Each structure stands twice: as structure tokens, then as C-alpha cells.
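Asker: Take this structure first; my questions come after.
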Amino acid sequence: MANKPRVKLPKSAKAGEIVQIKTLASHDMETGNRKDKKGNKIPRLILNKFSCSFKGEELFGATMHPSVSANPYIAFSITAKESGTYDFTWTDDNGEVTKVSQDMSVS
Amino acid sequence: MNFKTIITTIAVLGTGITLAACQMDAYQAPNPNGSELWSGYKTATAETRAMQDDDFANPGMPMVDSAAALYNKKDGEANMSCADCHGAVDDPKGGSKGLPMKGVSARYPVYDADTKKPINVELRINKCRTKYQKAKEYKYESDAMLGMTGLIALQSRGIPMMSTADNPSDELNAAWKAGEAFYYERRGQLNMSCKHCHEDHQGELIRAEVLSQGQSNGFPTYRLKWSKLGSLHRRFRGCNGNIRAEPYGYGSDEYLNLETYLAWRGRGLPMEGPSVRK
């Protein structure tokens with residue numbers, strides 16, 4: 001991805017609190033149905049997988065398909081349990097993985 | 001009543017009449033925008049507005065984030081970054097040289113003494129790059145250029161657009177006049193001018209779309225149709241293409257004049273860039 005995805009999660013939370021996480025990736029999400037000026041099909045290249053994990057355990061995941069619009073925005077909620085680093089990964093059709101990590105302290 | 005008082009009375013009356021005449025003049029020449037000044041935000045759907053209101057959800061912002069990194073990166077033969085002259089991008093003092101980015105987008109386009117033409121933010125960035133950084137110019141509609149103009153526009157959020165280009169003593173007056181002529185000139189196979197949509201039928205439907213007032217305060221804007229940020233000149237080219245006219249080039253004199261004129265038409269509208277539109 002040319003531009004780094006944006007992730008917003010609270011810096012700190014109370015244990016058991018439900019926190020909202022927002023993510024915004026920057027991607028063309030080429031559907032594979034379009035043609036270029038010469039009439040050749042533009043190959044499909046989308047982000048097909050999103051995952052939010054904590055210490056290797058997946059907390060939230062999404063599988064995306066060609067109808068998802070460009071620059072997918074995904075917001076979801078999790079229950080804060082432990083302090084640590086939360087990892088966010090996006091995987092595209094070529095297998096390229098973009099990873100962003102952010103810390104949240106839970107008291 | 002002595003002679004002096006009579007003279008004073010006449011003078012006062014005279015002033016009153018002149019004032020009244022001025023007010024009548026103002027009434028006879030209404031604002032070309034109509035009774036109200038509004039941007040496309042007004043007619044956008046609630047979902048689109050929500051995207052613009054939340055800077056995080058604004059899909060144009062990742063590009064602006066990348067530009068923020070470029071802003072601080074040393075570049076070119078002079079090995080200088082934007083921050084070396086201007087300070088941090090959100091510094092109201094504008095670093096040691098006092099060149100803040102705040103309010104720049106609201107003020108531009110300005111007069112460029114070197115070319116004796118208006119210069120907009122895009123061309124100004126390239127001028128800085130070649131003159132001071134001694135680096136390669138950004139391509140007009142490239143990601144780096146769009147992000148950088150977005151980053152600079154962001155510093156002017158909420159500041160009203162300003163222009164005094166209608167004043168004959170203003171250096172931009174010639175460009176303003178040319179821009180006004182462009183605005184009212186019919187063109188293309190459909191033989192339409194800007195005025196026919198954006199002045200006569202603003203706020204009305206053209207098929208399923210609401211015609212805007214054609215204001216420039218939200219640029220660069222993230223259009224969902226483009227699925228990226230786009231410059232004002234891209235919008236001009238789109239408009240010209242729609243009326244089946246040959247579009248002018250990015251950064252061309254015609255569009256710079258029009259940009260100067262639009263800044264005057266939109267004076268007083270708060271800056272929204274980078275905005276989100278359908």
C-alpha cells in the first residue's frame with residue numbers, strides 16, 4: 001500500500017470496557033471487471049482479508065469481496081482486557097501484507 | 001439660520017442622498033451567487049457529510065498523512081524540507097522565517113511577480129521545489145501534489161476565503177476580468193457557460209444530481225466517484241468535458257484566471273478542504 005493505513009484506538013481503557021476501533025486503509029480495490037483503454041481486463045487486486053489480533057489471537061476479522069469500495073473503512077468494537085500491542089493486518093490478492101501495530105494500556 | 005448652517009445642512013443632505021444612492025446601487029447589482037453563499041456540503045447526503053466531519057473517516061486523509069511525511073523530508077540538491085523554511089505545518093508562527101501555512105489556501109491564488117500571472121497553491125509548491133529545494137516538480141495531479149495541497153488546505157479549515165481581485169488597483173484584476181469573461185462565455189457543443197448551471201440553476205436537479213453553486217472552497221476534494229483526492233483543475237476539466245468542450249490543461253492560464261475569479265465569488269465561505277463529495 002502506498003499510503004500507510006490509519007488506525008484509531010484509545011490510548012487507555014478500563015478493564016472490561018467496550019472500546020471502538022476505527023481503521024481506514026488506502027487501496028484502489030480493483031474489481032477485475034473493468035477494462036483499460038485498449039479493452040484488456042484489468043486484473044483483480046483487492047484487499048481480501050482484514051484482521052485485528054492481540055498476542056497472536058484474532059479478535060476481529062473480515063473477508064472482503066470485489067464489491068467493497070475503494071479505501072475500505074472498517075470500524076468495530078472489542079472488550080478491553082489486557083494492556084499490550086494490537087496488530088492490524090490487511091492482505092491483498094498478491095499476498096502482500098500491510099501491518100500496523102498500536103498500543104493500548106488497560107487498567 | 002445663518003449662511004454657514006445652511007451650507008452645512010445642504011452638505012449633510014447631500015451626503016445622505018449619496019449614501020442612499022450607493023445603497024440603491026448595491027441593491028441593483030446583487031451578489032452573482034444569489035441571496036445565499038453555500039458550498040456542496042449543504043446538498044451532500046448525511047453519509048457523505050459524516051465522512052467529511054470525521055477527519056479519521058475522511059478517505060482523502062491517508063494521502064494527506066503521506067504528504068505530512070514528505071513535508072518534513074529533506075529533498076533536492078539543496079537538501080531542504082518544507083519544514084526548514086515554514087516550520088511545523090501547523091505552527092501558527094511559521095518557523096523562524098515567519099511563513100506559516102495557516103490561511104494560505106484561503107488567500108490563494110495570489111499574484112506572481114515573476115510570471116505576472118496568478119499562482120495557485122499547486123504551482124507555488126512546484127515553485128518552492130525548483131527554486132529553493134532544487135528538486136523535481138511534482139506532477140500536477142500526482143498523489144504527492146494532491147496530498148500536499150490537502151495538507152495545506154487542512155491548515156486553513158474554517159478560515160473564510162478572501163479576495164479583493166475585483167478592485168481595479170489589485171494586481172490580480174486583469175486575471176479576475178479574464179476569469180469573469182470565461183465564466184460567462186458559452187463553450188462546447190452544448191454551448192453552455194458556467195453561469196447557466198451554477199448561477200441560473202444552482203440547487204436544482206440536473207437529472208439525479210443537485211447543481212452546486214460552483215464554489216472552490218472544498219478543494220482538493222475527495223470525490224467518491226474518483227475514489228481519491230482531486231484538484232480544482234480536474235473538476236474544471238470534468239465540467240468542460242461534460243458540456244463537450246475541449247478541456248484546458250492542468251495549471252493553464254485559462255483555469256488560473258477562473259480560479260482567481262471563483263475565489264472572489266466564494267469570498268466569505270469557510271474553507272473545507274480536503275472535503276468529501278459524491
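The backbone N, Cα and C atoms fix where each Cβ goes, glycine too.
As annotated by TrEMBL, signal peptide applies to B:1-20. Marked as domain 'Cytochrome c' by TrEMBL: B:67-161, B:179-271. For B:Cys82, B:Cys85, B:His86, B:Cys128, the entry in TrEMBL reads heme c 1 binding site. Residues or ranges marked as heme c 2 binding site in TrEMBL: B:Cys194, B:Cys197, B:His198, B:Cys239. TrEMBL lists B:Arg235 with the feature substrate binding site. As annotated by TrEMBL, active site, cysteine persulfide intermediate applies to B:Cys239.
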Asker: What is the separation, in Å, between the Cα atoms of the residue listed as 'substrate binding site' and B:Cys85 (heme c 1 binding site)?
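Answerer: B:Cys85 (heme c 1 binding site) has its Cα 31 Å from the Cα of the residue listed as 'substrate binding site'.
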Asker: Measuring CA to CA, name the entry from the binding-site residues B:Cys82, B:Cys85, B:His86, B:Cys128 that ends up nearest B:Cys239 (heme c 2 binding site).
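Answerer: The answer is B:Cys128.
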Asker: Applying the rule Cβ within 8 Å of the centroid of the Cβ atoms of B:Cys194, B:Cys197, B:His198, B:Cys239, what extra residues of the same chain belong around the heme c 2 site?
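Answerer: Here the non-site neighbours turn out to be B:Met192, B:Ser193, B:Lys195, B:His196, B:Glu199, B:Leu211, B:Gly214.
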Asker: As a quick check of your reading of DSSP, tell me how many residues in the domain 'Cytochrome c' (B:179-271) are helical, how many are strand and how many are coil.
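Answerer: The domain 'Cytochrome c' (B:179-271) comes out at 35 helix, 13 strand, 45 coil.
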Asker: Let me check the 10 A CB neighbour count of B:Cys197 (heme c 2 binding site). How many other CB atoms are there?
Answerer: 19
Asker: To the nearest whole angstrom, what is the C-alpha distance linking B:Cys85 (heme c 1 binding site) and B:Cys194 (heme c 2 binding site)?
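Answerer: Cα of B:Cys85 (heme c 1 binding site) to Cα of B:Cys194 (heme c 2 binding site) measures 39 Å after rounding.
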Asker: Which number gives the other C-beta atoms within 10 angstroms of the C-beta of B:Cys239 (heme c 2 binding site), all protein chains shown included?
Answerer: 17
Asker: Please classify the secondary structure at B:Cys85 (heme c 1 binding site) using three-state DSSP.
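Answerer: In the DSSP reduction, B:Cys85 (heme c 1 binding site) maps to helix.
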Asker: Summarise the model confidence on the domain 'Cytochrome c' (B:67-161) as a single mean pLDDT, whole number.
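Answerer: Per the prediction, mean pLDDT sits at 93 for the domain 'Cytochrome c' (B:67-161).
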Asker: Can you grab the distance from B:His198 (heme c 2 binding site) over to B:Cys128 (heme c 1 binding site)? Cα atoms, rounded to a whole Å.
Answerer: 34
Asker: Express the distance between the Cα positions of B:His86 (heme c 1 binding site) and B:Cys194 (heme c 2 binding site) as a whole number of Å.
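Answerer: With distance taken Cα to Cα, B:Cys194 (heme c 2 binding site) is 37 Å from B:His86 (heme c 1 binding site).
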Asker: Let's check the environment of B:Cys128 (heme c 1 binding site): how many other CB atoms sit within 10 Å of its CB?
Answerer: 16
Asker: Would you mind listing, in sequence order, the residues at least six apart from B:Cys82 (heme c 1 binding site) in the same chain with a Cβ closer than 8 Å to its Cβ?
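Answerer: Counting only residues 6 or more apart in sequence, the Cβ neighbours of B:Cys82 (heme c 1 binding site) under 8 Å are B:Leu70, B:Tyr71, B:Asn72, B:Val89, B:Cys128.
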Asker: What number of additional C-beta atoms lies within 10 angstroms of the C-beta atom of B:His198 (heme c 2 binding site)?
Answerer: 21
Asker: Name the secondary structure element type, per DSSP in three states, that contains B:Cys128 (heme c 1 binding site).
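Answerer: Helix, per DSSP.
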